[in-house]
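What Swiss-Prot records for this protein:
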REGION    1-70  region 'Disordered'
COMPBIAS  16-34  compositional bias 'Polar residues'
COMPBIAS  46-58  compositional bias 'Polar residues'
TOPO_DOM  104-112  topological domain 'Extracellular'
TRANSMEM  113-132  transmembrane segment
TRANSMEM  144-160  transmembrane segment
TOPO_DOM  161-170  topological domain 'Extracellular'
TRANSMEM  171-188  transmembrane segment
TRANSMEM  200-226  transmembrane segment
TOPO_DOM  227-232  topological domain 'Extracellular'
TRANSMEM  233-241  transmembrane segment
BINDING   VAL243, GLY274, ASP277, ASP278  Na(+) binding site
TRANSMEM  270-289  transmembrane segment
TOPO_DOM  290-299  topological domain 'Extracellular'
TRANSMEM  300-323  transmembrane segment
TRANSMEM  339-356  transmembrane segment
TOPO_DOM  357-360  topological domain 'Extracellular'
TRANSMEM  361-372  transmembrane segment
TRANSMEM  390-410  transmembrane segment
TOPO_DOM  411-416  topological domain 'Extracellular'
TRANSMEM  461-472  transmembrane segment
TOPO_DOM  473-485  topological domain 'Extracellular'
TRANSMEM  486-508  transmembrane segment
Amino acid sequence: MRNQDKRAAHKDSEPSTEVNHTASSYQGRQQETGMNLRGIDGNEPTEGSNLLNNNEKMQGTPAEPNHLQRRRQIHACPPRGLLARVITNVTMVILLWAVVWSVTGSECLPGGNLFGIIMLFYCAIIGGKLFGLIKLPTLPPLPPLLGMLLAGFLIRNVPVISDNIQIKHKWSSALRSIALSVILVRAGLGLDSNALKKLKGVCVRLSLGPCLIEACTSAVLAYFLMGLPWQWGFMLGFVLGAVSPAVVVPSMLLLQEGGYGVEKGIPTLLMAAGSFDDILAITGFNTCLGMAFSTGSTVFNVLKGVLEVIIGVVTGLVLGFFIQYFPSSDQDNLVWKRAFLVLGLSVLAVFSSTYFGFPGSGGLCTLVTAFLAGRGWASTKTDVEKVIAVAWDIFQPLLFGLIGAEVLITALRPETIGLCVATLGIAVLIRILVTYLMVCFAGFNIKEKIFISFAWLPKATVQAAIGSVALDTARSHGEKQLEGYGMDVLTVAFLSIIITAPVGSLLIGLLGPRLLQKAEQNKDEEDQGETSIQV
(Lines of atoms letter the chains of each structure in order from A and count residues from 1; the text may use other names and numbers.)
(Lines give C-alpha, C1' and ligand atoms only; values in the text may rest on other atoms or scores of the structure.)
Protein backbone atom coordinates (compact mmCIF):
# COMPACT_ATOMS: atom_id res chain seq x y z
CA MET A 1 0.00 0.00 0.00
CA ARG A 2 2.82 2.35 0.87
CA ASN A 3 4.48 1.65 -2.48
CA GLN A 4 1.22 2.42 -4.28
CA ASP A 5 0.86 5.66 -2.36
CA LYS A 6 4.43 6.62 -3.29
CA ARG A 7 3.74 5.90 -6.95
CA ALA A 8 0.55 7.98 -6.88
CA ALA A 9 2.38 10.80 -5.17
CA HIS A 10 5.11 10.59 -7.80
CA LYS A 11 2.51 10.78 -10.60
CA ASP A 12 0.84 13.74 -8.96
CA SER A 13 4.18 15.49 -8.64
CA GLU A 14 4.88 15.33 -12.39
CA PRO A 15 2.14 17.74 -13.51
CA SER A 16 2.79 19.90 -10.50
CA THR A 17 6.38 20.19 -11.64
CA GLU A 18 5.17 21.39 -15.03
CA VAL A 19 2.82 23.84 -13.36
CA ASN A 20 5.61 25.05 -11.12
CA HIS A 21 7.87 25.50 -14.15
CA THR A 22 5.17 27.52 -15.92
CA ALA A 23 4.51 29.55 -12.83
CA SER A 24 8.20 30.24 -12.34
CA SER A 25 8.55 31.42 -15.93
CA TYR A 26 5.51 33.64 -15.49
CA GLN A 27 6.98 35.02 -12.26
CA GLY A 28 10.23 35.65 -14.11
CA ARG A 29 8.40 37.66 -16.70
CA GLN A 30 6.54 39.50 -13.97
CA GLN A 31 9.86 40.35 -12.33
CA GLU A 32 11.29 41.55 -15.63
CA THR A 33 8.21 43.68 -16.13
CA GLY A 34 8.55 44.99 -12.63
CA MET A 35 12.19 45.81 -13.21
CA ASN A 36 11.24 47.60 -16.39
CA LEU A 37 8.62 49.57 -14.53
CA ARG A 38 11.14 50.64 -11.89
CA GLY A 39 13.16 53.73 -12.33
CA ILE A 40 16.88 53.91 -12.96
CA ASP A 41 17.52 53.86 -9.23
CA GLY A 42 15.49 50.64 -8.86
CA ASN A 43 12.66 52.26 -6.88
CA GLU A 44 9.02 51.64 -7.76
CA PRO A 45 7.35 54.51 -9.65
CA THR A 46 4.90 56.68 -7.77
CA GLU A 47 2.31 59.11 -9.08
CA GLY A 48 4.69 62.01 -8.66
CA SER A 49 7.56 60.24 -10.36
CA ASN A 50 5.28 59.32 -13.27
CA LEU A 51 4.32 62.96 -13.73
CA LEU A 52 7.97 63.98 -13.51
CA ASN A 53 9.01 61.41 -16.11
CA ASN A 54 6.20 62.46 -18.46
CA ASN A 55 7.23 66.10 -18.15
CA GLU A 56 10.83 65.17 -18.89
CA LYS A 57 9.74 63.24 -22.00
CA MET A 58 7.57 66.11 -23.21
CA GLN A 59 10.40 68.56 -22.64
CA GLY A 60 12.82 66.24 -24.44
CA THR A 61 10.59 65.83 -27.52
CA PRO A 62 8.77 69.11 -28.17
CA ALA A 63 5.96 69.05 -30.75
CA GLU A 64 7.15 70.10 -34.22
CA PRO A 65 5.10 72.17 -36.66
CA ASN A 66 3.70 70.39 -39.68
CA HIS A 67 6.07 72.05 -42.15
CA LEU A 68 9.08 70.91 -40.08
CA GLN A 69 7.72 67.36 -40.04
CA ARG A 70 7.32 67.47 -43.83
CA ARG A 71 10.88 68.75 -44.26
CA ARG A 72 12.20 66.06 -41.93
CA GLN A 73 10.28 63.45 -43.97
CA ILE A 74 11.60 64.78 -47.29
CA HIS A 75 15.23 65.05 -46.13
CA ALA A 76 15.16 61.75 -44.24
CA CYS A 77 17.71 59.09 -45.11
CA PRO A 78 16.48 56.79 -46.56
CA PRO A 79 13.79 59.02 -48.15
CA ARG A 80 10.12 58.66 -47.31
CA GLY A 81 6.78 60.03 -48.47
CA LEU A 82 6.50 61.85 -51.79
CA LEU A 83 10.21 61.71 -52.61
CA ALA A 84 10.28 57.96 -52.05
CA ARG A 85 7.25 57.48 -54.32
CA VAL A 86 8.83 59.59 -57.07
CA ILE A 87 12.10 57.64 -56.88
CA THR A 88 10.19 54.33 -56.96
CA ASN A 89 8.06 55.29 -59.97
CA VAL A 90 11.03 56.66 -61.93
CA THR A 91 12.98 53.49 -61.19
CA MET A 92 10.10 51.32 -62.44
CA VAL A 93 9.81 53.37 -65.65
CA ILE A 94 13.54 53.12 -66.36
CA LEU A 95 13.53 49.43 -65.49
CA LEU A 96 10.71 48.72 -67.94
CA TRP A 97 12.60 50.47 -70.72
CA ALA A 98 15.86 48.70 -69.77
CA VAL A 99 14.24 45.25 -69.83
CA VAL A 100 12.71 45.88 -73.26
CA TRP A 101 16.03 47.29 -74.52
CA SER A 102 17.93 44.23 -73.30
CA VAL A 103 15.61 42.04 -75.40
CA THR A 104 15.10 44.15 -78.54
CA GLY A 105 18.29 46.22 -78.79
CA SER A 106 18.09 49.16 -81.22
CA GLU A 107 14.29 48.99 -81.43
CA CYS A 108 14.15 50.45 -77.93
CA LEU A 109 16.60 53.29 -78.62
CA PRO A 110 15.55 56.79 -79.81
CA GLY A 111 14.11 56.49 -83.30
CA GLY A 112 13.11 52.86 -82.75
CA ASN A 113 9.53 51.64 -82.89
CA LEU A 114 9.26 50.25 -79.34
CA PHE A 115 10.95 53.34 -77.92
CA GLY A 116 8.29 55.47 -79.59
CA ILE A 117 5.44 53.34 -78.22
CA ILE A 118 6.82 53.38 -74.67
CA MET A 119 7.48 57.14 -74.71
CA LEU A 120 4.04 57.85 -76.17
CA PHE A 121 2.44 55.68 -73.49
CA TYR A 122 4.27 57.50 -70.68
CA CYS A 123 3.57 60.96 -72.11
CA ALA A 124 -0.12 60.15 -72.58
CA ILE A 125 -0.42 58.99 -68.97
CA ILE A 126 1.30 62.15 -67.72
CA GLY A 127 -0.95 64.32 -69.91
CA GLY A 128 -4.04 62.58 -68.58
CA LYS A 129 -2.89 63.01 -64.98
CA LEU A 130 -2.22 66.73 -65.50
CA PHE A 131 -5.67 67.31 -66.99
CA GLY A 132 -7.21 65.29 -64.16
CA LEU A 133 -5.69 67.76 -61.69
CA ILE A 134 -7.62 70.66 -63.26
CA LYS A 135 -10.68 70.93 -61.03
CA LEU A 136 -13.11 73.82 -61.09
CA PRO A 137 -15.60 74.35 -58.24
CA THR A 138 -19.13 72.96 -58.84
CA LEU A 139 -18.01 71.53 -62.20
CA PRO A 140 -17.11 67.97 -63.20
CA PRO A 141 -13.39 67.38 -63.77
CA LEU A 142 -12.05 67.71 -67.30
CA PRO A 143 -11.76 64.29 -68.97
CA PRO A 144 -8.16 62.99 -68.82
CA LEU A 145 -8.47 61.77 -72.41
CA LEU A 146 -7.95 65.37 -73.57
CA GLY A 147 -4.49 65.39 -71.99
CA MET A 148 -3.69 62.05 -73.65
CA LEU A 149 -4.84 63.36 -77.03
CA LEU A 150 -2.82 66.57 -76.76
CA ALA A 151 0.26 64.64 -75.62
CA GLY A 152 0.22 62.59 -78.82
CA PHE A 153 -0.44 65.71 -80.88
CA LEU A 154 2.56 67.53 -79.38
CA ILE A 155 4.83 64.52 -79.84
CA ARG A 156 4.03 64.45 -83.56
CA ASN A 157 4.27 68.20 -84.19
CA VAL A 158 7.30 69.29 -82.11
CA PRO A 159 10.27 68.79 -84.49
CA VAL A 160 12.95 67.59 -82.04
CA ILE A 161 10.60 65.16 -80.32
CA SER A 162 9.04 63.82 -83.52
CA ASP A 163 12.49 62.97 -84.90
CA ASN A 164 13.21 60.65 -81.96
CA ILE A 165 9.72 59.25 -81.30
CA GLN A 166 8.50 57.40 -84.36
CA ILE A 167 5.93 54.62 -84.55
CA LYS A 168 5.32 52.44 -87.59
CA HIS A 169 1.86 52.65 -89.13
CA LYS A 170 1.36 48.90 -88.85
CA TRP A 171 2.02 48.90 -85.11
CA SER A 172 -0.11 52.00 -84.57
CA SER A 173 -3.01 50.46 -86.47
CA ALA A 174 -2.74 47.17 -84.57
CA LEU A 175 -2.71 48.88 -81.16
CA ARG A 176 -5.73 51.02 -82.07
CA SER A 177 -7.59 47.92 -83.25
CA ILE A 178 -6.93 46.18 -79.94
CA ALA A 179 -8.17 49.27 -78.08
CA LEU A 180 -11.29 49.24 -80.28
CA SER A 181 -11.88 45.60 -79.31
CA VAL A 182 -11.66 46.51 -75.62
CA ILE A 183 -14.16 49.36 -76.10
CA LEU A 184 -16.60 47.09 -77.92
CA VAL A 185 -16.37 44.45 -75.18
CA ARG A 186 -17.10 47.07 -72.53
CA ALA A 187 -20.05 48.36 -74.56
CA GLY A 188 -21.45 44.87 -75.05
CA LEU A 189 -21.10 43.91 -71.39
CA GLY A 190 -22.57 47.25 -70.32
CA LEU A 191 -25.81 46.80 -72.26
CA ASP A 192 -28.74 46.55 -69.86
CA SER A 193 -31.78 44.96 -71.47
CA ASN A 194 -33.87 45.64 -68.34
CA ALA A 195 -33.19 49.38 -68.58
CA LEU A 196 -34.27 49.33 -72.20
CA LYS A 197 -37.53 47.60 -71.26
CA LYS A 198 -38.26 50.13 -68.50
CA LEU A 199 -37.46 53.29 -70.46
CA LYS A 200 -38.84 51.86 -73.71
CA GLY A 201 -39.90 54.56 -76.17
CA VAL A 202 -37.90 57.56 -75.02
CA CYS A 203 -34.68 55.51 -74.72
CA VAL A 204 -35.11 54.10 -78.23
CA ARG A 205 -35.87 57.54 -79.67
CA LEU A 206 -32.89 59.11 -77.91
CA SER A 207 -30.59 56.31 -79.11
CA LEU A 208 -31.71 56.20 -82.74
CA GLY A 209 -32.93 59.67 -83.68
CA PRO A 210 -29.97 62.02 -83.00
CA CYS A 211 -27.38 59.51 -84.22
CA LEU A 212 -29.11 58.76 -87.53
CA ILE A 213 -30.04 62.38 -88.28
CA GLU A 214 -26.54 63.64 -87.48
CA ALA A 215 -25.03 60.89 -89.64
CA CYS A 216 -27.24 61.83 -92.60
CA THR A 217 -26.59 65.56 -92.10
CA SER A 218 -22.83 65.02 -91.92
CA ALA A 219 -22.93 62.83 -95.05
CA VAL A 220 -24.69 65.56 -97.04
CA LEU A 221 -22.31 68.26 -95.77
CA ALA A 222 -19.25 66.09 -96.42
CA TYR A 223 -20.42 65.39 -99.98
CA PHE A 224 -21.12 69.03 -100.90
CA LEU A 225 -18.57 70.89 -98.75
CA MET A 226 -15.63 68.49 -98.43
CA GLY A 227 -16.03 66.58 -101.67
CA LEU A 228 -16.17 63.12 -100.09
CA PRO A 229 -18.00 60.24 -101.82
CA TRP A 230 -21.32 59.21 -100.31
CA GLN A 231 -19.92 56.08 -98.63
CA TRP A 232 -17.16 58.13 -97.02
CA GLY A 233 -19.65 60.83 -96.08
CA PHE A 234 -21.78 58.33 -94.19
CA MET A 235 -18.67 56.89 -92.56
CA LEU A 236 -17.85 60.38 -91.32
CA GLY A 237 -21.45 60.83 -90.20
CA PHE A 238 -21.45 57.68 -88.08
CA VAL A 239 -18.08 58.66 -86.60
CA LEU A 240 -19.63 61.94 -85.44
CA GLY A 241 -22.98 60.40 -84.46
CA ALA A 242 -21.77 58.65 -81.30
CA VAL A 243 -21.91 60.27 -77.87
CA SER A 244 -18.96 59.74 -75.52
CA PRO A 245 -19.59 57.59 -72.42
CA ALA A 246 -16.18 58.67 -71.06
CA VAL A 247 -17.55 62.21 -70.68
CA VAL A 248 -21.28 61.68 -70.12
CA VAL A 249 -21.19 58.88 -67.52
CA PRO A 250 -18.92 60.59 -64.90
CA SER A 251 -20.90 63.82 -65.24
CA MET A 252 -24.22 61.98 -64.83
CA LEU A 253 -22.94 60.17 -61.74
CA LEU A 254 -22.01 63.50 -60.13
CA LEU A 255 -25.49 64.88 -60.81
CA GLN A 256 -27.06 61.67 -59.54
CA GLU A 257 -25.13 61.94 -56.27
CA GLY A 258 -26.43 65.48 -55.87
CA GLY A 259 -30.00 64.33 -56.52
CA TYR A 260 -30.48 66.32 -59.74
CA GLY A 261 -32.96 64.80 -62.19
CA VAL A 262 -33.17 61.58 -60.19
CA GLU A 263 -36.95 61.61 -59.73
CA LYS A 264 -37.51 61.49 -63.51
CA GLY A 265 -34.56 59.18 -64.14
CA ILE A 266 -32.65 61.56 -66.41
CA PRO A 267 -29.12 60.37 -65.46
CA THR A 268 -30.18 56.73 -65.88
CA LEU A 269 -31.82 57.51 -69.23
CA LEU A 270 -28.72 59.21 -70.63
CA MET A 271 -26.33 56.51 -69.43
CA ALA A 272 -28.50 53.69 -70.80
CA ALA A 273 -29.26 55.38 -74.12
CA GLY A 274 -25.58 56.26 -74.57
CA SER A 275 -24.61 52.60 -74.89
CA PHE A 276 -27.21 51.93 -77.61
CA ASP A 277 -26.25 55.16 -79.38
CA ASP A 278 -22.61 54.05 -79.55
CA ILE A 279 -23.50 50.58 -80.80
CA LEU A 280 -25.67 52.02 -83.57
CA ALA A 281 -22.86 54.37 -84.66
CA ILE A 282 -20.23 51.61 -84.66
CA THR A 283 -22.51 49.22 -86.57
CA GLY A 284 -23.35 51.87 -89.16
CA PHE A 285 -19.70 52.80 -89.55
CA ASN A 286 -18.59 49.19 -90.05
CA THR A 287 -21.31 48.63 -92.66
CA CYS A 288 -20.30 51.75 -94.62
CA LEU A 289 -16.63 50.80 -94.27
CA GLY A 290 -17.27 47.47 -95.96
CA MET A 291 -19.22 49.15 -98.76
CA ALA A 292 -16.59 51.87 -99.31
CA PHE A 293 -13.79 49.38 -99.94
CA SER A 294 -15.82 46.95 -102.03
CA THR A 295 -15.23 46.75 -105.77
CA GLY A 296 -18.27 46.28 -107.94
CA SER A 297 -21.68 47.74 -108.61
CA THR A 298 -23.72 49.66 -106.06
CA VAL A 299 -26.16 46.77 -105.70
CA PHE A 300 -23.28 44.39 -104.99
CA ASN A 301 -21.84 46.76 -102.38
CA VAL A 302 -25.21 47.06 -100.62
CA LEU A 303 -25.66 43.29 -100.62
CA LYS A 304 -22.13 42.84 -99.29
CA GLY A 305 -22.87 45.31 -96.48
CA VAL A 306 -25.97 43.33 -95.52
CA LEU A 307 -23.95 40.11 -95.72
CA GLU A 308 -21.32 41.52 -93.36
CA VAL A 309 -24.02 42.38 -90.82
CA ILE A 310 -25.44 38.84 -91.04
CA ILE A 311 -21.99 37.27 -90.70
CA GLY A 312 -21.18 39.44 -87.68
CA VAL A 313 -24.45 38.67 -85.89
CA VAL A 314 -24.35 34.91 -86.56
CA THR A 315 -20.70 34.57 -85.54
CA GLY A 316 -21.34 36.65 -82.43
CA LEU A 317 -24.29 34.44 -81.47
CA VAL A 318 -22.19 31.28 -81.79
CA LEU A 319 -19.25 32.68 -79.81
CA GLY A 320 -21.53 34.27 -77.22
CA PHE A 321 -23.36 31.03 -76.47
CA PHE A 322 -20.03 29.17 -76.36
CA ILE A 323 -18.43 31.36 -73.68
CA GLN A 324 -21.64 31.34 -71.65
CA TYR A 325 -20.89 27.71 -70.77
CA PHE A 326 -17.11 27.46 -71.22
CA PRO A 327 -15.41 27.78 -68.84
CA SER A 328 -17.95 26.09 -66.57
CA SER A 329 -18.89 27.74 -63.29
CA ASP A 330 -17.09 25.10 -61.18
CA GLN A 331 -13.61 25.96 -62.47
CA ASP A 332 -10.93 27.90 -60.62
CA ASN A 333 -10.03 31.47 -61.64
CA LEU A 334 -13.39 31.69 -63.39
CA VAL A 335 -13.44 35.47 -63.76
CA TRP A 336 -9.96 35.66 -65.29
CA LYS A 337 -10.69 32.85 -67.74
CA ARG A 338 -13.92 34.49 -68.88
CA ALA A 339 -12.26 37.87 -69.27
CA PHE A 340 -9.41 36.32 -71.26
CA LEU A 341 -11.80 34.45 -73.56
CA VAL A 342 -14.08 37.38 -74.30
CA LEU A 343 -11.12 39.71 -74.93
CA GLY A 344 -9.21 37.18 -77.00
CA LEU A 345 -12.21 36.28 -79.17
CA SER A 346 -13.00 39.97 -79.69
CA VAL A 347 -9.48 40.85 -80.83
CA LEU A 348 -9.48 37.80 -83.09
CA ALA A 349 -12.85 38.81 -84.60
CA VAL A 350 -11.69 42.36 -85.38
CA PHE A 351 -8.41 41.29 -87.00
CA SER A 352 -9.71 38.21 -88.82
CA SER A 353 -12.68 40.08 -90.32
CA THR A 354 -10.25 42.50 -91.98
CA TYR A 355 -8.05 39.63 -93.13
CA PHE A 356 -10.94 37.78 -94.81
CA GLY A 357 -12.28 40.91 -96.50
CA PHE A 358 -15.30 41.61 -94.27
CA PRO A 359 -14.09 44.54 -92.11
CA GLY A 360 -17.62 45.54 -91.10
CA SER A 361 -18.48 42.25 -89.39
CA GLY A 362 -15.75 42.19 -86.73
CA GLY A 363 -17.09 44.99 -84.54
CA LEU A 364 -20.67 43.74 -84.67
CA CYS A 365 -19.51 40.20 -83.84
CA THR A 366 -17.68 41.54 -80.78
CA LEU A 367 -20.73 43.45 -79.54
CA VAL A 368 -23.07 40.46 -79.88
CA THR A 369 -20.55 38.10 -78.26
CA ALA A 370 -20.00 40.35 -75.23
CA PHE A 371 -23.72 41.05 -74.80
CA LEU A 372 -24.73 37.37 -74.84
CA ALA A 373 -21.83 36.43 -72.57
CA GLY A 374 -22.84 39.10 -70.06
CA ARG A 375 -26.43 37.88 -69.97
CA GLY A 376 -25.29 34.32 -69.32
CA TRP A 377 -22.76 35.23 -66.64
CA ALA A 378 -25.20 37.35 -64.58
CA SER A 379 -23.54 36.70 -61.18
CA THR A 380 -19.90 37.26 -62.24
CA LYS A 381 -20.51 39.84 -64.97
CA THR A 382 -19.48 42.73 -62.73
CA ASP A 383 -16.19 41.04 -61.83
CA VAL A 384 -15.40 40.42 -65.50
CA GLU A 385 -16.17 44.08 -66.25
CA LYS A 386 -13.59 45.09 -63.63
CA VAL A 387 -10.91 43.04 -65.39
CA ILE A 388 -11.87 44.54 -68.76
CA ALA A 389 -11.69 48.00 -67.14
CA VAL A 390 -8.05 47.31 -66.21
CA ALA A 391 -7.33 46.43 -69.84
CA TRP A 392 -8.97 49.69 -70.89
CA ASP A 393 -6.80 51.65 -68.43
CA ILE A 394 -3.77 50.27 -70.29
CA PHE A 395 -5.00 50.84 -73.84
CA GLN A 396 -6.77 54.17 -73.30
CA PRO A 397 -3.51 56.22 -73.20
CA LEU A 398 -2.26 54.34 -76.26
CA LEU A 399 -5.49 54.93 -78.19
CA PHE A 400 -5.81 58.66 -77.59
CA GLY A 401 -2.06 59.24 -77.81
CA LEU A 402 -1.88 57.46 -81.17
CA ILE A 403 -4.91 59.37 -82.48
CA GLY A 404 -3.26 62.67 -81.55
CA ALA A 405 0.00 61.55 -83.14
CA GLU A 406 -1.75 60.91 -86.47
CA VAL A 407 -2.60 64.60 -86.94
CA LEU A 408 0.24 66.52 -88.59
CA ILE A 409 -0.27 70.30 -88.78
CA THR A 410 1.94 70.77 -91.84
CA ALA A 411 -0.14 68.24 -93.79
CA LEU A 412 -3.41 70.08 -93.14
CA ARG A 413 -4.64 72.80 -95.48
CA PRO A 414 -6.37 75.80 -93.85
CA GLU A 415 -9.42 75.39 -96.08
CA THR A 416 -9.67 71.74 -95.02
CA ILE A 417 -9.73 72.72 -91.35
CA GLY A 418 -12.36 75.37 -92.05
CA LEU A 419 -14.59 72.93 -93.92
CA CYS A 420 -14.16 70.32 -91.18
CA VAL A 421 -15.14 72.81 -88.48
CA ALA A 422 -18.15 73.98 -90.54
CA THR A 423 -19.31 70.40 -91.08
CA LEU A 424 -18.89 69.61 -87.40
CA GLY A 425 -20.65 72.77 -86.22
CA ILE A 426 -23.71 72.38 -88.45
CA ALA A 427 -24.03 68.68 -87.62
CA VAL A 428 -23.85 69.38 -83.87
CA LEU A 429 -26.54 72.09 -84.09
CA ILE A 430 -28.84 69.71 -85.97
CA ARG A 431 -28.17 67.04 -83.34
CA ILE A 432 -29.14 69.39 -80.49
CA LEU A 433 -32.44 70.30 -82.18
CA VAL A 434 -33.28 66.67 -83.00
CA THR A 435 -32.46 65.57 -79.45
CA TYR A 436 -34.89 68.19 -78.11
CA LEU A 437 -37.63 66.85 -80.39
CA MET A 438 -36.90 63.21 -79.46
CA VAL A 439 -37.59 63.81 -75.75
CA CYS A 440 -40.85 65.66 -76.34
CA PHE A 441 -44.00 63.94 -75.01
CA ALA A 442 -41.87 62.01 -72.51
CA GLY A 443 -42.95 63.87 -69.36
CA PHE A 444 -40.04 66.33 -69.24
CA ASN A 445 -40.41 70.09 -68.84
CA ILE A 446 -38.67 72.64 -71.08
CA LYS A 447 -35.62 73.04 -68.82
CA GLU A 448 -35.05 69.28 -68.68
CA LYS A 449 -35.38 68.99 -72.47
CA ILE A 450 -32.78 71.72 -72.93
CA PHE A 451 -30.41 69.97 -70.53
CA ILE A 452 -30.77 66.59 -72.28
CA SER A 453 -30.14 68.27 -75.64
CA PHE A 454 -26.81 69.75 -74.51
CA ALA A 455 -25.83 66.66 -72.49
CA TRP A 456 -26.04 64.64 -75.72
CA LEU A 457 -23.21 66.72 -77.22
CA PRO A 458 -19.78 65.37 -76.06
CA LYS A 459 -17.75 63.16 -78.41
CA ALA A 460 -14.51 61.36 -77.57
CA THR A 461 -14.17 57.61 -77.07
CA VAL A 462 -15.89 56.20 -80.16
CA GLN A 463 -14.43 58.94 -82.36
CA ALA A 464 -10.94 57.96 -81.21
CA ALA A 465 -11.65 54.26 -81.69
CA ILE A 466 -13.12 54.31 -85.21
CA GLY A 467 -11.90 57.68 -86.50
CA SER A 468 -8.65 56.20 -87.79
CA VAL A 469 -9.99 52.84 -89.01
CA ALA A 470 -10.83 54.20 -92.46
CA LEU A 471 -7.34 55.72 -92.80
CA ASP A 472 -5.68 52.45 -91.76
CA THR A 473 -7.79 50.48 -94.25
CA ALA A 474 -6.93 52.95 -97.02
CA ARG A 475 -3.22 52.62 -96.23
CA SER A 476 -3.48 48.83 -96.47
CA HIS A 477 -4.95 49.25 -99.98
CA GLY A 478 -2.17 51.67 -100.97
CA GLU A 479 -4.42 54.23 -102.71
CA LYS A 480 -3.42 57.86 -102.14
CA GLN A 481 -6.86 59.28 -102.88
CA LEU A 482 -8.49 57.00 -100.32
CA GLU A 483 -5.78 57.94 -97.83
CA GLY A 484 -6.76 61.59 -98.33
CA TYR A 485 -10.40 60.75 -97.60
CA GLY A 486 -9.32 58.83 -94.51
CA MET A 487 -7.23 61.77 -93.31
CA ASP A 488 -10.26 64.08 -93.65
CA VAL A 489 -12.36 61.70 -91.55
CA LEU A 490 -9.63 61.50 -88.92
CA THR A 491 -9.23 65.30 -88.84
CA VAL A 492 -12.94 65.83 -88.20
CA ALA A 493 -12.85 63.15 -85.48
CA PHE A 494 -9.86 64.84 -83.84
CA LEU A 495 -11.50 68.27 -83.93
CA SER A 496 -14.76 66.86 -82.56
CA ILE A 497 -12.93 65.49 -79.51
CA ILE A 498 -10.95 68.68 -78.89
CA ILE A 499 -14.04 70.93 -79.19
CA THR A 500 -17.02 68.98 -77.86
CA ALA A 501 -15.48 66.98 -74.98
CA PRO A 502 -14.51 69.95 -72.75
CA VAL A 503 -17.45 72.10 -73.87
CA GLY A 504 -19.94 69.29 -73.26
CA SER A 505 -18.46 68.48 -69.86
CA LEU A 506 -18.63 72.13 -68.76
CA LEU A 507 -22.20 72.54 -70.07
CA ILE A 508 -23.38 69.48 -68.15
CA GLY A 509 -21.75 70.76 -64.96
CA LEU A 510 -23.16 74.29 -65.36
CA LEU A 511 -26.67 73.51 -66.62
CA GLY A 512 -27.40 70.44 -64.49
CA PRO A 513 -27.91 72.17 -61.11
CA ARG A 514 -29.78 75.05 -62.79
CA LEU A 515 -32.16 73.18 -65.09
CA LEU A 516 -32.84 69.89 -63.30
CA GLN A 517 -35.11 69.44 -60.30
CA LYS A 518 -33.49 68.27 -57.09
CA ALA A 519 -34.84 65.28 -55.19
CA GLU A 520 -36.73 66.07 -51.98
CA GLN A 521 -34.42 63.93 -49.84
CA ASN A 522 -31.36 65.90 -50.93
CA LYS A 523 -33.23 69.17 -50.31
CA ASP A 524 -34.09 68.06 -46.75
CA GLU A 525 -30.45 67.11 -46.10
CA GLU A 526 -29.29 70.54 -47.31
CA ASP A 527 -31.90 72.30 -45.14
CA GLN A 528 -30.81 70.30 -42.09
CA GLY A 529 -27.18 71.19 -42.82
CA GLU A 530 -28.00 74.91 -43.07
CA THR A 531 -30.04 74.77 -39.84
CA SER A 532 -27.21 73.06 -37.95
CA ILE A 533 -24.75 75.67 -39.23
CA GLN A 534 -27.00 78.52 -38.06
CA VAL A 535 -27.41 76.89 -34.62
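FYI, residue positions are counted from 1 along the chain as it appears here.
Placed from the backbone N, Cα and C atoms, the Cβ positions cover glycine too.
The DSSP secondary structure for ASP278 (Na(+) binding site) is helix.
If you look at the transmembrane segment (361-372) against the transmembrane segment (144-160), you find fewer than three C-beta pairs under 8 angstroms, all six or more positions apart, and that falls short of contact. Contacts between the transmembrane segment (200-226) and the transmembrane segment (270-289): present, as 3 or more C-beta pairs lie under 8 angstroms, all at sequence separation of six or more. The recorded stretches the transmembrane segment (233-241) and the transmembrane segment (144-160) do not share 3+ CB pairs below 8 A when only pairs 6 or more apart in sequence are counted, and are therefore not in contact. Sequence-distant residue pairs (6 or more apart) of the transmembrane segment (113-132) and the transmembrane segment (270-289) include fewer than 3 whose Cβ atoms are under 8 Å, leaving the two stretches without contact.
Contact count against the transmembrane segment (144-160) (Cβ pairs under 8 Å) is highest for 486-508, out of 171-188, 270-289, 339-356, 461-472, 486-508.
In terms of DSSP secondary structure, the topological domain 'Extracellular' (227-232) contains 3 helix, 0 strand, 3 coil. Those same-chain residues not listed among VAL243, GLY274, ASP277, ASP278 yet with C-beta within 8 angstroms of the centroid of the Na(+) site C-beta atoms are SER207, CYS211, ALA242, SER244, PRO245, VAL248, ALA273, SER275, PHE276, ALA281, VAL462. DSSP assigns VAL243 (Na(+) binding site) to coil in the three-state reduction, placing it in neither a helix nor a strand. Here the topological domain 'Extracellular' (473-485) returns a mean pLDDT of 86 for the predicted model. Helix, strand and coil residue tallies for the topological domain 'Extracellular' (161-170), in that order: 6 helix, 0 strand, 4 coil [DSSP].
Here the Cβ of ASP277 (Na(+) binding site) has 27 other Cβ atoms within 10 Å, regardless of which shown protein chain they belong to.
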